[in-house]
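Written out below as structure tokens is the structure these notes cover.
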Amino acid sequence: MKQFLRNLQSLHIKLVIIYVLLIVIGMQIIGLYFTNTLERELTENFQDNIETQVDLIDTRIQELHTEYQDDLGTLSEEVQSLLSEFGNRPEIDEIRFINSDNILVATTRISNEPNIGSRINEPLTREAISTGSRNDEIFVNVNQDNQRTWLLNHPVVNNGQVLGAVYVSSNIETVYQQLEAINNTFIIATIISLIITSILGIFIARTITKPITDMRNQALMMSEGDYTSRVKIYSNDEIGELAGSFNILSKRVQEAQANTESERKRLDSVITNMSEGIIATDRKGRITVINEMALDMLNIPKDEDLHGKNMLKILRLDEEMTLEDIQEMNESQLLFTDSDYEAAIRANFSTIYKDTGFMNGYIAVLHDVTEQERIDNERREFVANVSHELRTPLTSMRSYIEALQEGAWQDDQLAPRFLSVTRDETDRMIRLVEDLLQLSRMDNEAEEINKEIVDFNMFLNRIIDRFEMTHKGEVEFIRNIPDTAMFSEIAMDKMSQVLDNVISNAIKYSNRENKRVEFHVKQNVLFNRMTIRIKDNGMGIPANKVDRIFERFYRVDKARARKKGGTGLGLAISKEIVEAHNGRIWANSLEGEGTTIFINLPCETLGEDGWDE
Ligand code: ADP
């Protein structure tokens, strides 16, 4: 039923119905006018015909009346024969003549002849006689198969005197039968033309609706995202032009769609590959876009779907602020630190407005400021460390100087000792400041490094020789150094500073009687690298602190290291120098057993005939 109703609403059916209705209405109007005119013409013809006869009868009766005025019997007979003359026409039922006294004078109907001479009580005849004017009527004769009969009462007037009336009853049914036959022909013609126009209408409507249906289907396909198909152009009329324009439109939409798609892809790839995290939300703060970087920064697994989730909740800001705050703080920044994995993220929020001025959503750009924060922290720590390192010797110097001021200078035994402590502290401060200056120069890359190619084994042996001289009998130096030359491009002064530091640490941080420092040099010919291993049997470093000894001012045991005169910068400087040589330095240690320092540097091997790669 629904389908049927829908079909009725279709343009095709509508057009056919309109056609049919137009034809029906047209035929109706034509038919109505035509049958009316025809009916009038036919009945008028019929009546005129009879009236002409009646006029003749009228004239003849007047003549007869004048002629047989006195002889009523003959007059009656003459009138009777006159009427019979006219009465034998097939359409005429009866012709009567009634005189002015309403007496039937003559009749053509045999069955009515006995009534001749008697009074007739026909109201219309009587009216015609009394008024002297004709009247007529059509009535349906119930006795004769409902046939229509036309009654005419025609008064016969002679010199202003009504002589009587001619009464004619005629069968007008033939006229109506003719009319009916014509009507039937007309109805059949209408029906045939209706059938033909309906069939034609269906086809003609099809030619109109087919391209429209095609366009509708095409539009439906477009709404589902398929822009590839085109509408067939059937004709050059307006509908054909419309189909052409429709095709152009769908081509344009397809192009625009392709453009938008490629723009979207480009934007997608820009957002995906951005080094900043991006989160875009709708008006209610629900996430619509989030790139991998943002997930990474927030430590959220990549496969987790955050679409539709609350941005502030994801950023863990939902307790601190609301979306309205974002609108107000537009462009301002907010810093938060994730303590779980030590990351510092800075978020910049902005609000997106539509052209209409309505707010459309929010965008958060996340910057990883962990490194910046770390550097800031390090700087703060460094300043604190430097101040602390300077304060300690200064405080101790001050107390000694005060003691001297207060009279100790006169004490022969105390004064030299106090002065020597003060001098030691001053030396330490000078060393500290020098180390700091060197570090600062290296940080600014202002330190000049003059590299030259040296036989590293010989260079190392010389340094060990020097230590052997100064620590004779106190430390045992074991050398596992190849006899062959091993060439490396180094800045000798700087590298000896590194080795001095490492070796003196090996000696310094040992409480043993039989201190031992082992040297081991190994070359990796394949990679043109060498590794120097300096191993002691000292106190070692706790496993969790080994990696930190290269940090500035880091000391495993602060009091002890300071007592040993260390600034806590030696290994930090060594690390900088080794790295400036494209090398690497690291440590390995077992608490209580000893420490091994590894230095890996690039090297070349020089064969007998020259450079050997
Ligand atoms: P310092 O001037 O204090 O010696 P370094 O930078 O040379 O400073 O060393 C940093 C810290 O590393 C030292 O304070 C010490 O605690 C530890 N350290 C260095 N070398 C050794 C070693 N061979 N044995 C044990 N601890 C060491």
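Glycine residues also receive a Cβ, built from the backbone N, Cα and C atoms like all the rest.
As annotated by TrEMBL, transmembrane segment applies to 12-34, 186-208. The domain 'HAMP' annotation in TrEMBL covers 206-258. According to TrEMBL, the domain 'PAS' annotation covers 263-304. The domain 'Histidine kinase' feature in TrEMBL is assigned to 385-605.
Mean pLDDT of the predicted structure over the domain 'Histidine kinase' (385-605): 91. Packing against the transmembrane segment (12-34) from elsewhere in the chain are residues 183, 186-187, 190, 193-194, 197-198, 200-202, 204-206, 208-209, 213: each is 6 or more residues past its ends and has a CB under 8 Å from a CB in it. Across the range of the domain 'PAS' (263-304), the DSSP-based residue counts are 17 helix, 10 strand, 15 coil. Summarised by DSSP class, the composition of the domain 'HAMP' (206-258) is 39 helix, 0 strand, 14 coil.
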